[in-house]
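**Q** Under the heading Mg(2+) binding site, TrEMBL lists Asp6, Asp9, Asp136. Look at TrEMBL and you will find 218-241 tagged as compositional bias 'Basic and acidic residues'. Sequence annotations record features per position, and here TrEMBL assigns compositional bias 'Acidic residues' to 245-254. Here TrEMBL flags 218-254 as region 'Disordered'.
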Amino acid sequence: IVIWVDPVDGTAEYTQGLLDHVTCLIGISARGHSVAGIINQPFYNYKAGPDAELGRCIWGIIGLGSFGFTRDVLPKDEFIVTTSRSHSDRLVTETVEACEPTSVVRVGGAGHKVLLLIEGKVHAYVFASKGCKKWDTCAPESVLAAVGGRLTDMHGIKMSYGAGVQRKNTGGILATVSDHDYIVNKVPEHVKEVFDKSVEAQDWPEFEIARIQHMNNKDVDQGVKRKKTDTPDSDSSRSTKSDLLADETLDTKL
């Protein structure tokens with residue numbers, strides 16, 4: 001298990017007063033796979049006035065879902081792409097144009113750009129650059145994947161977030177909510193040749209599900225009863241219920 005943290009994503013935008021671009025990212029990976037993430041927007045709603053409640057927290061877990069936001073419906077007759085506002089060059093521009101967008105949204109912060117995807121404000125995030133890091137994408141990838149989206153490199157490879165991987169995303173970034181392979185195929189071959197093929201997350205091994213040793217059959221039976229009829233009122237009952245729900249989620253997923 002590896003935890004990737006970016007305490008301030010969108011530092012340039014922060015210094016320029018573009019506070020809605022700023023996020024704090026915490027991503028959790030297991031066996032190289034991004035499995036859970038938190039995207040915190042500390043200055044969310046800052047334009048609403050001095051009495052507005054600031055900040056929001058969006059989070060997601062693979063197999064459970066994503067929470068803390070309202071998803072918009074994207075227009076079917078448009079194709080909106082988001083990309084960097086401050087790290088653009090010929091390759092970035094050429095790759096975005098190759099995707100044939102009807103409009104381009106240039107904003108700061110990798111977490112913010114993926115968040116636009118998650119909220120249904122853009123169709124794709126295209127960034128043909130080696131400047132992004134693993135701590136920029138681990139958390140957003142989980143939240144995006146939990147709503148059915150995908151995040152890969154320019155080659156369509158889902159990258160590994162294991163302990164031994166290099167920190168830079170030298171394969172670039174492509175993220176979508178649908179038709180991901182179609183966008184990958186839009187990237188010109190001469191652009192792909194510039195970028196490395198990312199190390200893929202290893203396959204999950206086949207194994208039998210082992211029950212937590214301290215939970216005997218009696219604990220499980222009591223936990224089910226509490227879940228259905230009672231509200232836990234002690235630390236011990238909350239722990240048993242939490243362990244049971246986590247165990248049931250694992251059973252269902254595998």
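Yeah, the Cβs are placed from backbone N, Cα and C, and that goes for glycine too.
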**Q** So what sits near Asp9 (Mg(2+) binding site) in its own chain, CB-to-CB under 8 Å and at least six residues off in sequence?
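**A** Sequence-distant Cβ neighbours: Val22, Thr23, Cys24, Leu25, Gly109, Ala110, Gly111, His112, Asp136.
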**Q** Measure the Cβ-based neighbour count of Asp136 (Mg(2+) binding site), defined as the other Cβ atoms within 10 Å of its Cβ.
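**A** Total other Cβ atoms inside 10 Å, all chains included: 27.
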